[in-house]
Amino acid sequence: PHQIYNVTWVITNVQTNTQANATSMLGTLTDAYPTLHVDLCDLVGNTWEPIVPDLRGWASYSSSKYGCKTADRKKQQQTYPFYVCPGHAPSLGPKGTHCGGAQDGFCAAWGCETTGEAWWKPTSSWDYITVKRGSSQDNSCEGKCNPLVLQFTQKGRQASWDGPKMWGLRLYRTGYDPIALFTVSRQVSTITPPQAMGPNLVLPDRKPPSRQSQTGSKVATQRPQTNESAPRSIAPTTMGPKRIGTGDRLINLVQGTYLALNATDPNKTKDCWLCLVSRPPYYEGIAILGNYSNQTNPPPSCLSIPQHKLTISEVSGQGLCIGTVPKTHQALCNETQQGHTGAHYLAAPNGTYWACNTGLTPCISMAVLNWTSDFCVLIELWPRVTYHQPEYVYTHFAKAVRFRREPISL
């Protein structure tokens, strides 16, 4: 749930099937709910432009003082109240009221409106958005001068946005209230490009550990030059680093573990076996104390997806905890912080991760943490290497004194 996506919210004019606004941001699926801005004329287009032919057959505009064709109409449109009715959940409307369909703007009866800018202040406790009138600096209305501000409610932040949701907007005026239909939809894409399923890049590197060369390097001697001409210098050829196989990489892990153990407790390395585990989990989290960074926008370190998998049960030690830690896991916490309110991102220091109850992440979204009642521990990720006394390993290779035989058949 803490994964960062590229989230784009699109407002579409249904009648003309044109995009009225698109707003993109980086965030999680829990906190990526920005304030959307759109102009009323982008929702309306030319649908509020009734054209009536005059007596000569020429097209002329009607006397209606609304629409977006001319500056004076857009200016007059600012004075009209408007109200918005949802069409995405007709069953949640007022009981006993028929709100109609798209041809009515889902506002066939009073009481169906859930938001808007009108003297009776339409409101709702269950709809997903609020739509209010914004402020415009274009007094001449030569450009866009009917801004609307769309915000998501708490119900909207909890809703499923798998598909577009529709609303109807109507002007409140004497006579017929014109209708504008629009949808709000969410598009989600990953930051990193998708990884191909194959081929497996590890398989070509499955090589045994390279053996140490037993022969020392020999320096060849040359006879002195008989002529006086100086020998030509040959430029040394530069070779790139040789790509080591999986065997060498695994051996390097064990050797690194040995060096760390020998530096801290040399008595344990006199006679021992260090073994990599052969089944998951291949890693272990060590809880640590550290200073995280608090960001209002996700930093680049939050955009990567950890390739490793780890659960809280594979974390040991004591470190920094964020969130509400249950009693069963308080032993992991040397220091506990409640975090922050609002849309903040807590980025772990370089080389560390947050081990949360919901998985491993380089970054914590406080919106997700507060919404899910999750908790996280700051950890370093280390490969699991088991330590064995020599006797334990020798027993696996020593032959038994007596072997089990088949019972005698009579």
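Yeah, the Cβs are placed from backbone N, Cα and C, and that goes for glycine too.
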- line: Range annotated motif 'CXXC' in Swiss-Prot (choices 272-275, 376-379) is 272-275
- prompt: Per Swiss-Prot, which of Cys68, Cys112 is disulfide-bonded to Cys99?
  reply: Cys112
- prompt: Which one is it, Cys68, Cys107, that Swiss-Prot ties to Cys85 with a disulfide?
  reply: Cys107
For Asn350 (N-linked glycosylation site): DSSP state (helix, strand, coil): coil
- prompt: Cα of Asn262 (N-linked glycosylation site) to Cα of Asn350 (N-linked glycosylation site): how many Å, rounded?
  reply: 26
Query: Taking the Cβ of Asn262 (N-linked glycosylation site) as centre, how many other Cβ atoms lie within 10 Å?
result: 13
Statement: Least crowded of the disulfide-bonded residues Cys99, Cys107, Cys112, counting other Cβ atoms within 10 Å of each Cβ, is Cys99
- prompt: Can you name the far-off residues of the same chain, 6+ from the ends of the motif 'CXXC' (272-275), with a Cβ under 8 Å from a Cβ of it?
  reply: 254, 257-258, 261, 385-390, 392-393
